[in-house]
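Here is what Swiss-Prot records for this protein:
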- Arg37, Gly38, Asp89, Asp90, Leu91, Val92, Asp93, Thr94, Gly95, Asn96, Thr97: 5-phospho-alpha-D-ribose 1-diphosphate binding site (BINDING)
- Asp90: Mg(2+) binding site (BINDING)
- Asp93, Ile136: xanthine binding site (BINDING)
- Asp93, Ile136: guanine binding site (BINDING)
- Asp93, Thr94, Gly95, Asn96, Thr97, Trp135, Ile136: GMP binding site (BINDING)
Amino acid sequence: MSEKYVVTWDMFQMHARKLSERLLPASQWKGIIAVSRGGLFPAAVLARELGIRHIETVCIASYHDHVEQGELKVLHRAEGDGEGFIVVDDLVDTGNTARAIRDMYPKAKFVTVFAKPAGAALVDDYVIDIPQNTWIEQPWDLGLTFVPPLARK
């Protein structure tokens, strides 16, 4: 990745709220399936804004060293085909994770905050276009500079 796009908490909140507006009326949804881990943050905003309390997760590991995507590994999945659920992730990048999500939850509404060209067509809605060669630094990954997770120390 040659470029970086740094997202602040304020920016993230604003974009996630905009995504929430597009999902109204809230009464059409049974719940949210958050793609762990990046989708946990927008799921919290969507849940608050839409008044949704039923939150499930699907846990898929794809980024193995903060930079390169590796083979997908499903660690946990919410049951069902997604009918009446919003599936949310922070980003659709190459589309590898998105294709797996679509296979698991074909009847869900799949949304992300950010989308890169290679994966954008795989989600039903997103807020911000990001160039394919750009790495997104999400606010939960940052201190004043990148802070590695405690488990890696």
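Heads up, residue numbers simply count up from 1 along the chain you see.
Just so it is clear, glycine is given a Cβ too, placed from its N, Cα and C backbone atoms.
Features as recorded by Swiss-Prot, highlighted on the structure.
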residue : record                                              : Cβ contacts under 8 Å, 6 or more apart
Arg37   : 5-phospho-alpha-D-ribose 1-diphosphate binding site : none
Asp89   : 5-phospho-alpha-D-ribose 1-diphosphate binding site : Ala34, Val35, Gly38, Gly39, Pro42, Thr97, Ala98, Ile101, Phe110, Thr112
Asp90   : Mg(2+) binding site                                 : Gly38, Gly39, Phe41, Pro42, Thr112, Val113, Phe114, Ile136, Gln138
Leu91   : 5-phospho-alpha-D-ribose 1-diphosphate binding site : Gly38, Thr112, Val113, Phe114, Ala115, Lys116, Ile130, Ile136
Gly95   : 5-phospho-alpha-D-ribose 1-diphosphate binding site : Ala118, Gly119, Ala121, Leu122
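All protein chains shown were included, and the count of other CB atoms within 10 Å of the CB of Thr94 (GMP binding site) stands at 15. According to DSSP, Asn96 (GMP binding site) is assigned to a helical segment. Largest Cα-Cα distance over the residues recorded as binding GMP, namely Asp93, Thr94, Gly95, Asn96, Thr97, Trp135, Ile136, equals 17 Å. Residues Arg37, Gly38, Asp89, Asp90, Leu91, Val92, Asp93, Thr94, Gly95, Asn96, Thr97 are recorded as binding 5-phospho-alpha-D-ribose 1-diphosphate; their most distant pair of Cα atoms lies 17 Å apart.
Under DSSP, Leu91 (5-phospho-alpha-D-ribose 1-diphosphate binding site) is assigned to a strand (E or B) in the three-state scheme.
Rounded to the nearest whole angstrom, the C-alpha distance between Asp93 (5-phospho-alpha-D-ribose 1-diphosphate binding site) and Trp135 (GMP binding site) is 10.
The most densely surrounded of the binding-site residues Asn96, Thr97 is Thr97 (count of other Cβ atoms within 10 A of its Cβ). Within 10 Å of the C-beta atom of Trp135 (GMP binding site) sit 14 other C-beta atoms, taking all shown protein chains into account.
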